[in-house]
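Note sheet for the following structure.
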Amino acid sequence: MAQNRNDLLAVLAVVKKYNLKGTEELLKKEAGLIDIPENVAGEAEVNSVLAAYKSEGDPDIYENSYMELRKFVDDSLDIYKHELALILYPVLVHMYIELVYNSHEEQAKKLITKFGPEQEYYYQDELARLSMVTKRDQMSGNDITDTFKSNAFTIRISRDTLSLLKRHLHEKKASVILNIVNEHMYFDLYEGVARNKAQCDATSGAMTGEAKRQDNKIKVYYGLLKEPDVQTLQPAAPPEEDDDMDPDAPDKPKKKKPKKDPLYSKKPKSDPNAPPLDRIPLPKLKDVDKMEKVKALREASKRVNLGPDSLPSICMYTLLNANYTVTCADLCEDSSLIAVGFSDSSIRVWSMTPVKLREMKSAEQLKEIDRDAEDVLIRMLDDRKAELCRTLCGHSGPIYRTSFAPDRTMMLSCSEDCTIRLWSLHTWTCVVVYKGHQFSVWDVRFSPHGHYFVSCSHDKTARLWSTDSHQPLRIFAGHLADVDVCIFHPNSNYVATGSSDRSVRLWDVCVGNHHRLLTGHKAPIYSLAFSMCGRYLASGSADNRVLIWDLAHGHLIAALTGHGATVHSMCFSRDGTILATGGLDCALKLWDFTKLVDDISGENVNVSHNPDVRDGEPYLLRTFPTKQSPFLTLHFTRRNLLLGVGMYELGV
């Protein structure tokens, strides 16, 4: 309404200029413009209004306006130049959209052909797709034009830089650019010195600009939940016999008291940054789950402590004769099972230990089992039907991801057929089909605490599910392109997603909103991993880089470079000291994460805008090349042995 009123006042100013009193009175009456001051607009304002209206009819003014803006940016002082340059791309896009909308196809084509190649390399793909839109009727339903029309392009800018820009636009009466700046751009102002080239590049690259500081102000409970108390499972000590009272055994040595198991005597610690235990409902642990926790703790007590002088042993599993057929691979938490998805819609599960994959007995045989027996679960499984490999069929498209439940009784899979399937690893059959996504489902992951899982799709959403409901519990909407990867935070209260819009978002599963928006990647994001402490998030992308984010403030703290192709898999060691990254360049890299955290912990965080981003070279410990096997997944065992899975590709 404010814009319409301004337009009417502009027309009124023109009418006043030419002293058309009758028209002026009629306009005031019909438009309801009462109590308007005599001097609505001065000479400069009237000329500006006339120029603005003239520009819609004169398409050539767009090219001249852009050239003037570019010259202004180039001639600016170095201190302001880099922030001012950030407005060139969104201005060019909106100029093109306006020209096409007003049916000036030739001028639009000329504009994007002349100035498009000058834009940053990471915008070239969008500009190429935008240049395919040459008619007004092609705009409706087009992803790029819809994105730019409905989302303001965000630029983080110092107050001095913005003042300089606005002064220039008003002096030059650049109404075309001024309209674009006012209507389609959002300036996230901060006080202080303007950012340098490196600082601007660090956070730019997303489809609609940078993250606002407001996006990353909400408190994130990144701490880990208190571990369950396993003391109740401590085996009861045998009753002590009073040997001193036995007259027939005076010389019998006294029995020693049994030693307390250190695993049971350790009390779980509370993390001050952890969310309240009742923040989201989590499944109660059964005794079987607690015994599994004890087993995991025993394994952890035997693990190797890793560091620069103690790198992990690496075991690489290469899938042969699998070119163009294998699509994904996943290992379960205790490293006993591996699942591989294929393009023919089948899934194969192998045992990684000598224990074969057993199947549940028939219904008739199950009737004969004593339900109260302690080993009832073992008795239910049939040893005679045990196999080293199982094949699961049910999907009708390529498999894009599998995920094992923490207790290894179930497994999830997602596919091009828009569905997610839950498989029983006792009966080796599909028990539930979850439908909700409109297009291919790229990723699905179980929560570390079980029960919940998250999926993401080509439909630009991620969804939170629980295994006992066929409807999603939350729909995380906000990304502007495919959501390619999703992962649960170790405390199960948050979900991180990476998208083809070149941004990473952290969602709160409790309320369904995003609490962190992280921009800086220059290409789609295909892998994510949380640090063991829960505070840091690593993201790998098709820009061949791994970025490390501090979730406490939402800041980018390091860019790890060196891969020659997309970083498709990553994993933190169980003690959190080393980050392993695997790429489609057939290389595995190990990074010293402890050193990185130690280096940044002493810094004062600049809250107004991002701190300087650390280069990854000092933290690279070693690179291990494979012959011709790009990495599908990486996994650290409980004892810190690193397992890699890849497929042998001819001609890589």
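Residue 1 is the first one shown; counting continues down the chain.
Using the three backbone atoms N, Cα and C, a Cβ is placed for every residue, glycine included.
Owing to the predicted nature of the structure, the values given are computational and were not obtained by experimental measurement.
Residues annotated as domain 'TFIID subunit TAF5 NTD2' in TrEMBL: 56-185. For the domain 'TFIID subunit TAF5 NTD2' (56-185), the predicted model reports an average pLDDT of 90.
Among the features that TrEMBL reports, region 'Disordered' is placed at 229-284.
Annotation comment: TrEMBL describes 239-248 as compositional bias 'Acidic residues'.
Under the heading compositional bias 'Basic and acidic residues', TrEMBL lists 260-270.
Each residue in the repeat 'WD' (319-352) gets a DSSP state, and the totals come to 0 helix, 19 strand, 15 coil. Residues annotated as repeat 'WD' in TrEMBL: 319-352 (among others).
The annotation repeat 'WD' is assigned in TrEMBL to 392-433 (among others). Secondary structure of the repeat 'WD' (392-433) per DSSP, as helix, strand and coil residue counts: 0 helix, 25 strand, 17 coil.
Distant neighbours of the repeat 'WD' (434-475): 225, 282-283, 397, 400-407, 410, 412-422, 481-488, 490-492, 495, 497, 499, 507, 509, 512; these residues of the same chain sit at least 6 beyond its ends, with a Cβ under 8 Å from one of its Cβ atoms. The feature repeat 'WD' is assigned by TrEMBL to 434-475 (among others).
Per TrEMBL, the feature repeat 'WD' maps to 476-509 (among others).
Look at TrEMBL and you will find 518-559 (among others) tagged as repeat 'WD'.
The repeat 'WD' annotation in TrEMBL covers 560-592 (among others). Taking DSSP states H, G and I as helix and E and B as strand, the repeat 'WD' (560-592) has 0 helix, 19 strand, 14 coil.
Long-range Cβ contacts of the repeat 'WD' (392-433) within its own chain (Cβ-Cβ under 8 Å, at least 6 residues beyond either end) map to 288-289, 292, 327-334, 336-337, 339-349, 357, 359-360, 380-381, 439-446, 448-450, 453, 455, 457, 465, 467, 470.
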